[in-house]
Amino acid sequence: MHFLKNISFLLFLYIVVTLFIILFILLPREPQYIQPSRFHIDVEYNFTLEEYKNKIHTFYQYIKDHNGFGKAPEGITYAELTERYTKRSLELIVPAFLLTIIISFSIGLLIMKKRISARLEMKTNPFSLLFSLPDFFIFILVQYVFILVSRSSGLSFDLFGNDRWFHFILPSIILSIYPTYYLTKILLTTLTNEIHKDYINTAKSKGIHNKKIVNLHILWNSWPSMLGHTFIAYLYLVSSLPIIELLSAYDGLGYQFIKAIISYDDIRAIAYAIPFISIIFITKILLDTFKQIVLPRSEVHHID
């Protein structure tokens, strides 16, 4: 019953967030250029409630007249365009998310099994500055390195765009850097807290091997907490997607969304924003469903 209420709340929240994003995109933001003299130009952004109401009414009328978003200037429907670009973006999101989970959990479990949590914390401090940098800045640094290598060696690197099958690799790696760092820290903290509980001492007194304690008991009972933080890591990843797609010339949903915002194309921007919101909420529902399956079992998975 609680799970159904949670799903209902997420659906309600999805509608509210979608409406908010639409209203935000429709805010009047077109600049007005005023030239008081020959060599001077002023740029003004004037907001009036009446203009805002007119934009909302125009958008509503457009949706009503076209039974949706209608056709794009490219000659195909916006539904077909969003499907095309959503698939491309998912080709970045899915590998980056899987990479985040695999690497962070592997590192966390390896450290916990070797009981060197304290030493890891000391070793990761020198790299805290690197992981505190924005994803787009790291990507710019990577691009600069490739430029230097290309100039010095004469080699050419075809790593940007979306025409080749391997063009998803570099953006996916960049997208996964900060979420991996975040999830690894959370995993280590969660496992460390779990290891001090009474049932672990009971397991040790019974002579159960450390590997079995970590894999079968500590990790299993840490799942509910970890799933919540996994979604936060996913949000970090998705929020970085538009700028990473833009910098890598990867023509996906985020790339098209930024282009639409820059060109003041509200219809196109809203058409691309809705799949973004949908991807986030669908992932949240899937993670909550998985958590609902794991949680009842993990709560009783202690050693008697």
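Placement of Cβ uses the backbone N, Cα and C atoms for every residue, glycine included.
Noted in TrEMBL for the protein shown:
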- 86-287: domain 'ABC transmembrane type-1' (DOMAIN)
- 7-27: transmembrane segment (TRANSMEM)
- 92-112: transmembrane segment (TRANSMEM)
- 124-145: transmembrane segment (TRANSMEM)
- 165-183: transmembrane segment (TRANSMEM)
- 231-250: transmembrane segment (TRANSMEM)
- 270-287: transmembrane segment (TRANSMEM)
Stretch among 7-27, 92-112, 165-183, 231-250 sharing the most Cβ pairs under 8 Å with the transmembrane segment (270-287): 7-27
Cβ under 8 Å, sequence separation of at least 6 from the ends of the transmembrane segment (92-112): give me the contacting residues as numbers and ranges. 120, 168, 171-173, 175-176, 179-181, 183-184, 187-188, 191-192, 195, 214-215, 218-219, 230, 233-234, 237-238, 241, 244-245, 250, 252, 279
Positions whose Cβ lies under 8 angstroms from the transmembrane segment (231-250), at least six residues beyond its ends: 88-89, 92-93, 96-97, 100, 104, 134-136, 139-140, 143, 159-162, 167-168, 170-171, 174-176, 178-180, 182-183, 257-258, 276, 279-280, 283-284, 287
Tertiary contacts of the transmembrane segment (7-27), as residues 6+ beyond its ends and Cβ separation under 8 Å: 47, 52, 55-56, 59, 261, 266, 269-270, 273-274, 277-278, 281, 284-285, 288
